[in-house]
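Report on the structure given below.
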Amino acid sequence: MVTVGNYCETEGPAGPAWTQNGLSPCFFFTLVPSTLLTLGVLALVLVLPRRRREVPAGPEELSWAAGPRVAPYVLQLFLATLQMALPLAGLAGRVGTARGVRLPGYLLLASVLESLASVCGLWLLVVERSQARQSLAMGVWMKFRHSLGLLLLWTVTFAAENLALVSWNSPQWWWARADLGQQVQFGLWVLRYVTSGGLFILGLWAPGLRPQSYTLHVHEEDQDVGGNQGRSTDRRSTWRDLGRKLRLLSSYLWPRGSPSLQLIVLICLGLMGLERALNVLVPIFYRDIVNLLTAKAPWSSLAWTVTTYVFLKFLQGGGTGSTGFVSNLRTFLWIRVQQFTSRGVELRLFSHLHELSLRWHLGRRTGEVLRIVDRGTSSVTGLLSYLVFSIIPTLADIIIGIIYFSMFFNAWFGLIVFLCMSLYLILTIVVTEWRAKFRRDMNTQENATRARAVDSLLNFETVKYYGAEGYEVDRYREAILKFQGLEWKSTASLVVLNQTQNLVIGLGLLAGSLLCAYFVSEQKLQVGDFVLFGTYITQLYMPLNWFGTYYRMIQTNFIDMENMFDLLKEETEVKDVPGAGPLRFHKGRIEFENVHFSYADGQETLQDVSFTVMPGQTVALVGPSGAGKSTILRLLFRFYDISSGCIRIDGQDISQVTQISLRSHIGVVPQDTVLFNDTIANNIRYGRVTAGDSEVEAAAQAAGIHDAILSFPEGYETQVGERGLKLSGGEKQRVAIARTILKAPDIILLDEATSALDTSNERAIQASLAKVCTNRTTIVIAHRLSTVVNADQILVIKDGCIIERGRHEALLSRGGVYAEMWQLQQQGQETVPEESKPQDTA
């Protein structure tokens, strides 16, 4: 009968890691299987969430030829399955050849851990093959290679089998093949070596992901491959292309163009390194104090050691490294670097948004774009803070701790720290992923609860009309109860996470403390070493308590940063051609020659539009809504590029000159004037930001609004409110006219500038506009035909075509569309609409 003895072959909890010309089998088969299982679980955690986010393939069908190469993939599956069975076969071989010998406990643990690690590898192999076929079925191009986690697992497995060769001369291993047991174990090692080597080589080739040929059959009614790509992209894993994201992020770490800030970055990195040294030195001096007290050392030595310890503790802080002098100094110095980074990101985004076309802006919600900008900026600074000053230092502390305990204590202490930290990180990631759904549900319900309250209060009068106060309170109570139920789940899952972390910390501390106590009892370590171990481990676990928060925040920030970079990748539709020069303005002759334009493919907004505006002339564009009148102005201002034809100013194609020079010669008074939430003076000065106060007032006088401005309590310093809502329609139009007068453009574009005003305001503003347009080339879009009767030329536009042109009298005598429009408007002016009659408001 075979029984289980001590964990290792030696007496006591553990023996040395290196003994008898080789690694201790106990140490080796504890380190390797635990490392492999850690890598396998981490790889699964990173891949499986992405699998859940994948969209199932639709009606597309993937031909067999596009599938994986069958024979190599079957071999890969066979080797992965064999690798899973070999550890258990090795344990069975040990049991069969033991014959009354008590088996050490590490053999049982190693067999279980190795098998579980192989299960993770086999699972990943199948999952990635399924994802590859699904991606091909959706017409999404992918790189035919395994995930980094799976490749790393196979690489470390093969490297571990090679590592065993360093113990070739050790009698503890099976290399001598002295008996049946060693012969069996040697044969199993050969199988493991061949298996792991085969998986490593096949993994680099990835036959399960590489198609023989790319043949995609799609049903005719579902040939929108682009749509599938969009869906796939929107659901991509947060950790996908991690290397590219880190490279993009690192570009913001180094403040280019600022030597002083670059020096500060180096100082901050140096301080971060000093913090790592302090985290080692503080427990060491604490150990020395305990040893000196135990040995009853002289007061001078004790006082010096205590003073040094307290000074180091002052530099380090209250045990966590987050409140000490060094950390606070680093935080203080980093403020300028963080501001430089956020300023650079914000300005880059803001500048890019202004470079994008009007078409892009009209197709996006401004609030959504601004959220991307805000979150993108915060994500860059947040990721730099979390990664550089939280995650990397914590991982560095773990590595330093493993190296320190392995070198100055025993390799088993390093192994204990490694196992506990690995288990801690894995469980934190797994539980954090699990509880994410509770947090999402809670946030959704919180928004719904708030929306219900807001909706009820906004409809206060309606609630009173129907006496529904009790009903609204009941609905709100129901929403609160539902929110609190989800809040309980989220909080309870957080408690589970904290208790799981606490359990791992306790188990690690228990194992290390027992081992340390054993070595102290054997007089291999001192009492101070026991204190050092407990202090160092507790200090090490402190920042790890926030690892779950860091993990979620990094995920969120990566998503926000990805959205920001997607925004930066938006192509600028209207660009200056290479070598474009400024517009050379002479007299202001405008020519449209055979212009075609469409906002969307297949729907032409303008068709073969041709006309000429001579210098100083006024041309009016009239016609029904949607005919293309405003489009003509936008094309002249070059908000869009035309599909075909040519637009010239003084004989120069506007697509061949710089946009800024073109627009500097054009002034626009739109139908709906939007003012900035600023003073009246600054809104007028926006026409020419370098203008002085006297020039602003002169422009206001020319626009006929100077006296009205002076009647305000604060005069020109009056705030107009958001979008100018504190001013009347006529006042806003006059501010827009004053702004255009101050710009002093050579060409004026009036887009139904008075259509929304009453008759008295319209006449007054028409007089102001007449002054602005004197001796300037002008194009007017008019809704009321009476405002353009004196135009040099009137163009009647319908369905994107010019159907009539001429002066007012000639068009009336022709009896066409213009004459019909004129007659209808004259009849409308003679009849007072019912809505305009005075109403009894009593």
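The backbone N, Cα and C atoms fix where each Cβ goes, and this holds for glycine too.
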Same membrane side per Swiss-Prot: Ala17 vs Glu604: no
Member of Cys8, Cys120 annotated by Swiss-Prot as disulfide partner of Cys26: Cys8
Cβ-based isolation winner (fewest other Cβ atoms within 10 Å) among the recorded positions Cys8, Cys26, Ile632: Cys8
The transmembrane segment (73-93) vs the transmembrane segment (186-206): 3 or more CB pairs under 8 Å: yes
Cβ-Cβ neighbours of Gly626 (ATP binding site) (radius 10 Å): 12
For Arg634 (ATP binding site), the number of other Cβ atoms found within 10 Å of its own Cβ: 17
Top partner of the transmembrane segment (398-418) among 27-47, 107-127, 148-168, 500-520, 530-550 - counted as Cβ pairs under 8 Å: 500-520
In three-state DSSP terms, the structure that Pro624 (ATP binding site) belongs to: coil
Contact call for the transmembrane segment (264-284) and the transmembrane segment (27-47): at least 3 Cβ pairs under 8 Å, seq gap 6+: no
Stretch with greatest number of CB pairs under 8 Å, the transmembrane segment (148-168) reference, 27-47, 107-127, 376-396 candidates: 27-47
Chain residues outside the transmembrane segment (292-312) and at least six past its termini with a C-beta under 8 angstroms from it: 278, 281-282, 285-286, 526-528
Counts of helix, strand and coil residues, the topological domain 'Lumenal' (285-291), according to DSSP: 7 helix, 0 strand, 0 coil
